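Novice: Handing you a structure now.
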Amino acid sequence: MSAPIAAGVGAPYARLLSVASYVPSRVVDNAEMCTFIDSSDEWIQQRTGIAERRWVGEGETVETMALAAARTAVERAGIDPADIGAVIVSTVTYFHQTPSLAAKLAYELGTNGAAFDISAACAGFCYGLAQAESLVRSGAAKYAVVIGVEELSRFTDIHDRSTAFLFADGAGAAVVGPSETNGIGPVVWGSDGSQADAINQTSEWSEAMQGGTQPYIAMDGRAVFKWASGFIADATKKVLEVAQLSPEELDVFIPHQANNRITDAMLRHLKLPENVVVARTIKQFGNNSAASVPMAMDQLLSTGQAKSGQTALLIGFGAGLVYAGQVVTLP
Amino acid sequence: MATTEEIRAQLAELVNDVAGTPVEDVQLDKSFVDDLDVDSLAMVEIIVGCEEKFGVTIPDEESKNLKTVGDAVAYIEAHS
């Protein structure tokens, strides 16, 4: 007979204790964007909803942005950093293969808890949140910090008319902790590697090292739009279903800020009640990939458009293709 | 089996929902792009909507040939 192994004991439920963001300093409006590409403010706004985006300025990096957002989130949660059992960072723009950004950030935050990076592109925050929720409920971590951070301006071909105006920089972070009532619904997530080319980097880093040009993000906008307005809109409905909520019980909808036209298409599909607040931070921030959901959440809360205790539906989707979504109680 | 007019009417509702085009403007001889002010993103959404509404599959290489409302109705009639 096998020796009896004790199982971990965690919290009955998990919830978001805080959210915070870091908005980089450099404002790049559409007029400046049109000095890089042959386009217009009207065309960009009509096709994406983006009026301006944020890029890193002097002294701002993936590391500084992530640390600033995470520090604020930990302060707002009011927890002892030493009790953070896991730090999860989602990014596709930390250009340092090893060690992970999460390990450095954990040290800077004041914890020796587990730390690791994940690669789930624009779905990264929701992927990390699903893991954090499970870690807290399993007892693997008392508190978990989830960080989405991107410096896409370094990974974007600013002369590519199909992507240059979309991508932006920024960071968002949240603390997940134990709760007596449930604050994070079951995750609906998955992948479709048959569409790996839909959003992809243009070349391997090894080719770049041999004297080529650096890789950039390339996107088949048509394929992504089709997937997002059909399959992802359906997946978003499932997020509500598995949380056993009706659309009338939802207060806030925070989709990944990929493109306002995708958000519009999803809303037509979802038929949410008119009073549901919809995140549209893409207008000022652009598409911040893994950082967009927590940045939007923080923005809605700090401007009073959303309130603590309200019920919000999150959905992230992007390169992979991958997606993840869950319903949360706002911190 | 839906008639041509029934398919056109349902498609008109879809175009109205996605692009705000008045339903009465969505006639068989009209071009989505030139007459109905449907841009490329709206067209993709209309294609996705057609796939759901009419139970057809419209591959990308086919959807590029659907220039007019009549093209779309004929495709749906042939494949549903």
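Glycine too: its Cβ is placed from the backbone N, Cα and C atoms.
Okay, so TrEMBL annotates it like this:
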{"type": "ACT_SITE", "residues": "A:Cys122", "note": "active site"}
{"type": "ACT_SITE", "residues": "A:His256", "note": "active site"}
{"type": "ACT_SITE", "residues": "A:Asn287", "note": "active site"}
{"type": "DOMAIN", "residues": "A:116-193", "note": "domain 'Beta-ketoacyl-[acyl-carrier-protein] synthase III N-terminal'"}
{"type": "DOMAIN", "residues": "A:240-329", "note": "domain 'Beta-ketoacyl-[acyl-carrier-protein] synthase III C-terminal'"}
{"type": "REGION", "residues": "A:257-261", "note": "region 'ACP-binding'"}
Novice: Using a Cβ cut-off under 8 Å, which residues of the same chain at least 6 positions beyond either end of the region 'ACP-binding' (A:257-261) come close to it?
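Specialist: Residues 47-50, 122, 166, 224-225, 228, 279-283, 285-288, 292-293, 295-296, 317-318 contact the region 'ACP-binding' (A:257-261) from elsewhere in the chain.
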Novice: Count the other Cβ atoms sitting within 10 Å of the Cβ of A:Asn287 (active site), across every protein chain shown.
Specialist: 26
Novice: What's the number of neighbouring CB atoms sitting within 10 A of the CB on A:Cys122 (active site)?
Specialist: 31
Novice: Count the Cβ atoms, other than its own, that fall within 10 Å of the Cβ of A:His256 (active site), considering every protein chain shown.
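Specialist: There are 34 such Cβ atoms around A:His256 (active site).
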Novice: Do you know the mean pLDDT across the region 'ACP-binding' (A:257-261)?
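Specialist: Reported value for the region 'ACP-binding' (A:257-261) is a mean pLDDT of 94.
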Novice: In DSSP terms, helix, strand or coil for A:His256 (active site)?
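Specialist: Looking at the DSSP assignment, A:His256 (active site) belongs to neither helix nor strand, so coil.
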Novice: Which residue counts does DSSP give the domain 'Beta-ketoacyl-[acyl-carrier-protein] synthase III C-terminal' (A:240-329) for helix, strand and coil?
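Specialist: Summed over the domain 'Beta-ketoacyl-[acyl-carrier-protein] synthase III C-terminal' (A:240-329), the classes give 35 helix, 23 strand, 32 coil.
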